[in-house]
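This report refers to the structure that appears directly beneath it.
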Amino acid sequence: MASKCLKAGFSSGSLKSPGGASGGSTRVSAMYSSSSCKLPSLSPVARSFSACSVGLGRSSYRATSCLPALCLPAGGFATSYSGGGGWFGEGILTGNEKETMQSLNDRLAGYLEKVRQLEQENASLESRIREWCEQQVPYMCPDYQSYFRTIEELQKKTLCSKAENARLVVEIDNAKLAADDFRTKYETEVSLRQLVESDINGLRRILDDLTLCKSDLEAQVESLKEELLCLKKNHEEEVNSLRCQLGDRLNVEVDAAPPVDLNRVLEEMRCQYETLVENNRRDAEDWLDTQSEELNQQVVSSSEQLQSCQAEIIELRRTVNALEIELQAQHSMRDALESTLAETEARYSSQLAQMQCMITNVEAQLAEIRADLERQNQEYQVLLDVRARLECEINTYRGLLESEDSKLPCNPCAPDYSPSKSCLPCLPAASCGPSAARTNCSPRPICVPCPGGRF
């Protein structure tokens, strides 16, 4: 009757160093197979162990079981070892336990060497990361204070120059407005002079008219005088003719009334005419004086009104010019303030963009550093897990070696065979890793050899 032992499997994938220092990879798989033990008086016992898998970068390490319960009959132990992708099997027959132990020791030495190499690579990688971080610190925080001070000084000088330019522009505008004011005053005075000259010309025309009137009146007076002389001559002639006529009558008529005194009458007439002429002359002079005074009063009143209106116009023009000057100054100040505000906004926006860019770069660097730290932490945890698993395997192999050295394979055909005796003692408790549950061994089942010496 064929006898089969409990089955335990152990396999590991490719294990590659995270830092890339070692260019090769090792792939190991081992299998200890024995399916079950069938005894005449014992029920079959089967043990199973949890599987653990760990990923490291692009490499992987997978262990299906940490501590199998193994039966060692009088034959019945098989291993398989694969290196670099090739598979080969080695069957161990009865009496080849030393070779099996030697191969297991070689595998243990390889695992320990690999663990030591990975620890060295991890330490070198941590030192490289630390050196890189120390080298990157000055670059992450550059000192721009001197440049900022120079920029602030230049900005202050620029602002002072702009303020001085604005002040000079305002002064130039004020000078232009003052020149315009003086030009306006000059034009006003010229217009006043022209108005006075026109008034003088008008008065001269009036004076000429009055002179003409006076000459006309003088001509009339002369004509009246000539007429008076003519009348006097005519009167004398008439008087003489009348005298001649009356002389004869007087001679004839002695008792007649006394004759009229013609000289007296002529004197009276002369006095009357002279009085009339004098009155006319006086009236004409009075009328001329009255008209002249009225015209002078009108001219004076018009001149006063004109002067008051011109003064008011000048005052209004001065007020308008002052308001225009103030308006230009306010416009210039507003333009200067707007330009200063725009420059300040542009400067602060550029500084804000630079700071935002620096913050973004620092955040990106921090994110990269955190990602690297997390990756290194994961790799470190993976290495710790691998180390724990390797220690678990070492303990397993040590238990196997001790059990093989202390016990011999069971033979039921021997005279002193007893079914109650066990082939192997209980293995010590071992753990798969830091987080795996501990599995205690139970007494090993008794192996039954296969008929005909087969297992």
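Cβ coordinates are placed from backbone N, Cα and C, and glycine is handled just like the others.
Noted in Swiss-Prot for the protein shown:
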type	residues	note
DOMAIN	97-408	domain 'IF rod'
REGION	1-97	region 'Head'
REGION	98-132	region 'Coil 1A'
REGION	133-143	region 'Linker 1'
REGION	144-244	region 'Coil 1B'
REGION	245-260	region 'Linker 12'
REGION	261-404	region 'Coil 2'
REGION	405-455	region 'Tail'
SITE	A346	site 'Stutter'
Could you say whether, by DSSP, A346 (site 'Stutter') belongs to a helix, a strand or a coil region?
helix
Composition by DSSP (helix, strand, coil) of residues within the region 'Coil 1A' (98-132):
35 helix, 0 strand, 0 coil
Using DSSP, break the region 'Coil 2' (261-404) down into helix, strand and coil residues and give each count.
143 helix, 0 strand, 1 coil
